[in-house]
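Colleague: Let me begin by handing over the structure; questions about it come next.
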Amino acid sequence: MLDAQTIATVKATIPLLVETGPKLTAHFYDRMFTHNPELKEIFNMSNQRNGDQREALFNAIAAYASNIENLPALLPAVEKIAQKHTSFQIKPEQYNIVGTHLLATLDEMFNPGQEVLDAWGKAYGVLANVFIHREAEIYHENASKDGGWEGTRPFRIVAKTPRSALITSFEFEPVDGGTVAEYRPGQYLGVWLKPEGFAHQEIRQYSLTRKPDGKGYRIAVKREDGGQVSNWLHHHASVGDVVHLAAPAGDFFMNVAADTPVSLISAGVGQTPMLAMLDTLAKGQHTAQVNWFHAAENGDVHAFADEVSELGRTLPRFTAHTWYREPTEADRAQRLFDSEGLMDVSKLEAAISDPAMQFYLCGPVGFMQFAAKQLVSLGVNNENIHYECFGPHKVL
């Protein structure tokens, strides 16, 4: 536990942190990658270039300083980060490296004096130990599962299927022919790649898209403009290629009773974790209402429509509604969508009126903010809304 003086000293630096903003974490990352370039093999350098990771780390540091007297308030954030860390296979010794550069950054940017540096050193040590302990538990849990493993495990691509103009699914089976660990619907898979021509190893997390079957895994990847990994997977990865995978992880998942109503709300590739949830509900003989609300630009980029329809037909109480923002003439002729424009859940208020309903959201942050605001305005309890951000976490 931290003493009162240490807590007071750390909290006194909050105004300075807020004034500096993400410049603090930009300096930190630049320093760390200069002194420890081997960490470029772990960090998503795309998120470094666009500033997302710097903003996320700054928000985490500021939140820790603000809640240093109430660490339980940080546990949800700790769980989210710890789960992601296990996908990157973060080790305890790497926390020492981060701590060294964090303190050096504070010293170089602010010259706050040894008392402040010592206080932050103690505070960081407490937080690092929380992460190290939780991550050790997750590693042990993953390795102890039937079909589980430590580190990464080689898998072979056994199917590659275009699902839309932008989304392709990939199916993996283990090279060793063994079983694979189960996961919760909504969790993701860590994909480790370093093909020829890549400057660094690249690690990405992709949502699993179906109910666990013990034999293999399926993900779906959107081809992003300028996305190094997504473009390689779309244009160069082939059936028979071997990739290394970290065990499934993630704090966003569905865990509901058969009589709990569920709404799965997504936009674009945000439907991928929802597919695993829908598959689980369908194969688990879910008896309560299930809603599938999806938004896409048009039919060219709308993936998995047939699969969703097939799964929906197996559920006794299923409502699906699709919004196309800019439908094509072919979309109109084939009646591939239900509504034009942005998603408006108020039109389907009767389908979401049950106060016990659980809502799962995934898609661009702006979309999730838009959808969550609508739900709250219709009387949905915030505690019933669960969401996943692809990339560094943001608060809706």
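Here the Cβ of each residue, glycine as well, is placed from N, Cα and C on the backbone.
Per Swiss-Prot, the features are:
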ACT_SITE  Tyr95  active site, charge relay system
ACT_SITE  Glu135  active site, charge relay system
BINDING   His85  heme b binding site
BINDING   Tyr188, Arg204, Gln205, Tyr206, Ser207, Cys389, Phe390, Gly391, Pro392  FAD binding site
BINDING   Gly268, Val269, Gly270, Gln271, Thr272, Pro273  NADP(+) binding site
DOMAIN    1-136  domain 'Globin'
DOMAIN    150-255  domain 'FAD-binding FR-type'
REGION    147-396  region 'Reductase'
SITE      Tyr29  site 'Involved in heme-bound ligand stabilization and O-O bond activation'
SITE      Lys84  site 'Influences the redox potential of the prosthetic heme and FAD groups'
SITE      Glu388  site 'Influences the redox potential of the prosthetic heme and FAD groups'
Colleague: Determine, using Cα-Cα distances only, which of these recorded positions is closest to Tyr188 (FAD binding site): Tyr95, Glu135, Gly268, Val269.
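Modeller: For Tyr188 (FAD binding site), the spatially nearest of the recorded positions is Val269.
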Colleague: Helix, strand, coil: count each for the residues of the domain 'FAD-binding FR-type' (150-255), based on DSSP.
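Modeller: Residue counts for the domain 'FAD-binding FR-type' (150-255) by secondary structure: 8 helix, 46 strand, 52 coil.
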Colleague: Which state, by DSSP, holds Phe390 (FAD binding site): helix, strand or coil?
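Modeller: For Phe390 (FAD binding site) - judged by DSSP and reduced to three states - the answer is coil.
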Colleague: Average the per-residue pLDDT over the domain 'FAD-binding FR-type' (150-255) and send me the rounded value.
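Modeller: Value for the domain 'FAD-binding FR-type' (150-255), mean pLDDT as a whole number: 97.
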Colleague: Does DSSP give Pro273 (NADP(+) binding site) helix, strand or coil?
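Modeller: Note: Pro273 (NADP(+) binding site) is helical by DSSP.
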Colleague: If you run the three-state DSSP split on Tyr95 (active site, charge relay system), which class comes out?
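Modeller: In three-state terms, Tyr95 (active site, charge relay system) counts as helix.
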Colleague: Could you check what DSSP calls Glu135 (active site, charge relay system) once collapsed to helix, strand or coil?
Modeller: helix
Colleague: Can you tell me which recorded positions out of Tyr29, Gly268, Gln271, Thr272 are within 10 A of the residue listed as 'heme b binding site' by Cα, answering none if there aren't any?
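Modeller: Of everything listed, nothing lies within 10 Å of the residue listed as 'heme b binding site' (Cα to Cα).
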